[in-house]
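One structure is given here, and the rest of the page talks about it.
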Amino acid sequence: MRFGLNIDHIVTLREVRKTYEPEILEALFIAKNTHKVDLITIHLREDKRHIQNEDVLRLLEISPLPINIECSINAEITDFLCSLKNKPSKVTIVPENRNEVTTEGGLDCSLKGLEEVIRAYHNKGIEVSLFVDPLKDALHFAKEHQVKQVEFHTGVYANLHNALYSNANNQIHAISTLKDKCPKELKEELHNAFLQLRRMSKEAFFMGIVVCAGHGLNYSNVKELLKIPSLRELNIGHSVVSKAVLVGLEKAILEMAQLIKR
């Protein structure tokens, strides 16, 4: 299993104060020196709430690890990434809403302009992945447009797992639609969400599409996904950075790697 470390929220801390620390490159090399991280993931958002264009340039110039850049189909961002001298290892196209706290679901593959953006990256020799819900239509769209990777949105699975097996429902930011559900109902929905991820991962495998996954994964809910044999990569960020605040980044990375690289 490949471990993609998302370092967006290290930069979030920097941007809160508009200062120079924490240093994104220091985080990069801490990750590299653990010898457990396979790639670095960053999300270049339209609103630039964390990662900035300059961060992209600096990372691509010196990173010893592959860089996966998440982004929308925004024309300005597409032009910027296509113009880069140092190319990312892949671009993962994600849905984006300026009012969202975090990505809320998978990409709508009928989105106007999506096909043109995929072609633009392919023409520059940049591999494309699509951040999608685990659905057949998304896989067929990827296959039709020569997209060799998808990343399944695991938010539904993760939220259900957290509601059932952690104290998430008692926290200040509990998800209202899950808070009042009984354990039996949560368990059934969680089982179905996992089965859907497993079924669609198998479907993708037989279609020749590499399957990655991410969103909302943490030290508790990630273990079940290791039972999906066709899953090749997990991208995890917020939970690792959250733990790093308390125990340090190196230890937080190693603890996650111990779970997913067994």
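The count begins at 1 with the first shown residue.
Backbone N, Cα and C atoms are what each Cβ position is placed from, and that goes for glycine too.
Matching Gly216, Gly248 to the 3-amino-2-oxopropyl phosphate binding residues that Swiss-Prot gives (Asn6, Arg17, Gly237, His238) identifies Gly216.
Cα-Cα distance from Arg17 (3-amino-2-oxopropyl phosphate binding site) to Glu151 (site 'Transition state stabilizer'): 32 Å (rounded to the nearest whole number). In the shown protein chains, 21 other C-beta atoms lie within 10 A of the C-beta of Asp8 (1-deoxy-D-xylulose 5-phosphate binding site).
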